Each structure stands twice: as structure tokens, then as C-alpha cells.
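Here's the structure, in C-alpha cells; my notes come after.
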Amino acid sequence: MGKKDKRSKLEGDDLAEAQQKGSFQLPSSNETAKLDASQWPLLLKNYDKLNVRTNHYTPHVEGVSPLKRDIKNYISSGFFNLDKPSNPSSHEVVSWIKRILRCEKTGHSGTLDPKVSGCLIVCIDRTTRLAKSQQGAGKEYICIFKLHEEVEDDRKVKQALEKLTGALFQRPPLISAVKRQLRIRTVYENKFIEYDPAQQMGIFNCICESGTYVRTICVHLGLILGCGGQMQELRRNRSGICDENENMVTMHDVLDAQYLLDTQKDESYMRHIVRPLEALLTQHKRVVVKDSCINAICYGAKILIPGILRYDDDIEVGKEIVIMSTKGEAICIAIAQMNTSTIASVDHGVVAKSKRVIMERDVYGRKWGLGPVASKKKQMVKDGLLDKFGKPNDTTPKSWAKEYVQTSTKKEVKKEETPDEEEEEAPKKKSKKSKKQESSDSDSD
């Protein structure tokens, strides 16, 4: 008989408390973990199942787990899954929240028409950097439509809705916030729910691409049935990874949480309704990097093989991935330059290039240029074995060319070549100028 697993599966408030108070780094200890890795929070979930490239790195004191941030940073790097009320526009709601929280900026993940209610992801301060990534995510709606004439059978309505799936031509309605030009939008599924012949009204569920007008789908439904139709009511069930069944808050919750924080210094309500920005990235493939290279990435450096600790399965070239720290903080969204099998087999090269940096600069200390290769390179420049730009010259030893791997891209090499070409062109221009001057002198004579 094997040893019994002492780790218990926690649920509800107990799980939330354990995630907030627990330490999810791996210190050397004989104690059993309180939580199974499948219950670790946010980007650290199933951390033990990631592919390991190396376990050797120096942990830094800077940085903190997303759930343990102080309340100011917790709010500025968080978002709401807001239940938008009917009548005010999305921009009005977002500006009200900005005024309530007294934050620098707010944004949202896709406009809802004034009369439409439901999921609206409201991003605060630093999280606005992720608003674009959520705007392109899929949306799900529940719609009530009304037909202008009677329909003999419910099945006709169901068949007509099934026809309105796939890539559809749409022109925005007469009253809309965008230019009325023909465009293609994809409807993934139209699920018929109910139809009442007496009221000539029905309900259906629509899963579609962002930017799809459900109002236009209702008009097209009426055209297919030959009786005309219109949308009566609409609610968004899901926006990206957030749906109405999970952590949805109202405007009153935001007001109450801010009131408690201001008057009684009680953070619990605010921490309950605000979610860390890492929750928006849980569907992305992950790459974990060393603490020493985090600040370099924040300054725009590429993600190289020596800086990687762990990485996910099924990473594909050209796809978006999230670069994270060992504490579970999101550093940036990057475009993968290698797949999983390549990362496992090579010893140098560019793994990914950053697309959108999320973490602020200088949260972690500057550690670039302190490694053994960089230190040796600096010394060689000082001794004159390399030129002032760190490139080989006549005195450079041959062993250096074999040891040192240049990771600069082709574009950078081309840029370096262009000045020589310009120098060659310069004498030609001068000669042309001199000829002109001679001709002008002859004219004046």
C-alpha cells in the first residue's frame, strides 16, 4: 500500500483563503503541501505538469503573488466582470467606475449598445493593456425576437436559425456607432430555445465573433421566413473567458466596496469583486522565466533559451503565449518563435518576442550584463580584443567566434550594412554638386 495523500480538496471560501494566504514557491521542507497543484491560483494552476528545462535559478525578493498585492496595486492591476445595466452606454458606465475608484484610466473589452445588458469586462489602469486581447475574443448572447406575421411551425424558425450560421455578410443597423459598410462576421452557433405563436416572439442563444450585430441576425431571420422580424431584447451571457455565472458584480457592489475601503479600511469586499489581470490569461500557453531576466523583458528584450525555467506543451510558432514569473505574475504577452519540441532540443536562440508588456519596469532589479559571457565580453572590449560595439576586430581570438552566439535578427544586420552603402553614394552626390557649381560658374561668366 502506498502512502495516503494528505492534501485535501478544498472548496468555496476555504479554497479562496488558502490561495490568498499560501506560498506557492517551492521551499525545501518536509511538510506536505496544503493545496494540490491543480488548485493553485491563476497562472500557477498545474504548475507541476509544465515541462522543466532547468530548476537552477536565484529567487529575488522583489515581486509578489497576484493575490497578495497591496490593495492599491491589487486594484490598479485588476478588472471587474460587470453586469452592465440597460440604458447607459458602455462608455458612461466605464467613466462612472473611474470616478468611483479614483483611478487613472479604465477601459472595456467590447462595447454594448445602451439597451443591451450583461457581461462587460471593465479593465482598471494596468489591465487596460489587455483590453485589446479580450475585444477579439468570442461573445455569447441570449436574444428575444419578434416576427411580424404568424409562422405555421416552430421547426421553420429553427431551420432558419441554423441557416444563419458560419460566415455571414452584415451591414450595421441604421442607428449604430460604426460606418455602415458591408462586412463579414462569423456566427458559430444559433441555438433555438423557445417560440410562442400567440405573441409571435421567440428566444435563441447566439455564439458569435466579436463585432457581430445580433439585431441584423433577427432582421435576416424575418427575411428568410418571409414575414419580417426584429430584435426585442438582448443580453450578453459571455465575453471572452468571463460569463454571467462567475464573479459577476453590479455597480452597487463597486460603490459599496469603495465606501467600505474609504470609511472602515476594510479591503475584503474590494478583493472579492476585483480579479487580478492574470485571470484573463489562464487560457494562454505559459512560459516561466528566471527572476534575473524579468526586468530586461519589461524593457523590451527578447525571451531567450537561457532564461527559461518551465514551458507548456503544444506551444506553436506564431501563437500568443504568456510569459510569467515563478510567483505567478504575468510579465508580457509574446509571439512564440519556437514550438515545444524545439525549446526542449536547442541550447540557444529566441523563444519568443514580446507583443505587449504588462508588468511595470524596475519592479525587479536590473540584472542584465552580469552573466559570465557578458562580463567576459566587457573585459574584451576594455582590453581592445573587441571594438567599442562588442564586435570582432583584427585582434579578436578565434575561440571567441566559436563560443559566442550572435542572436541579432536579419533586420539589424541589414541596418548595419546600410551606412557603408550611404558612404559610397555620398561621393557621387558630391561630384554631381560640383558639376552643377561648375556649370553655374560658367553661366555667370
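Cβ coordinates come from backbone N, Cα and C, glycine included.
Annotated in Swiss-Prot:
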- 1-32: region 'Disordered' (REGION)
- 20-32: compositional bias 'Polar residues' (COMPBIAS)
- Asp113: active site, nucleophile (ACT_SITE)
- 284-359: domain 'PUA' (DOMAIN)
- 386-445: region 'Disordered' (REGION)
Which whole-number mean pLDDT does the model give the domain 'PUA' (284-359)? 90
Across the domain 'PUA' (284-359), what are the DSSP residue counts per state (helix, strand, coil)? 17 helix, 31 strand, 28 coil
Note down the number of other Cβ atoms within 10 Å of the Cβ of Asp113 (active site, nucleophile), including every protein chain shown. 17
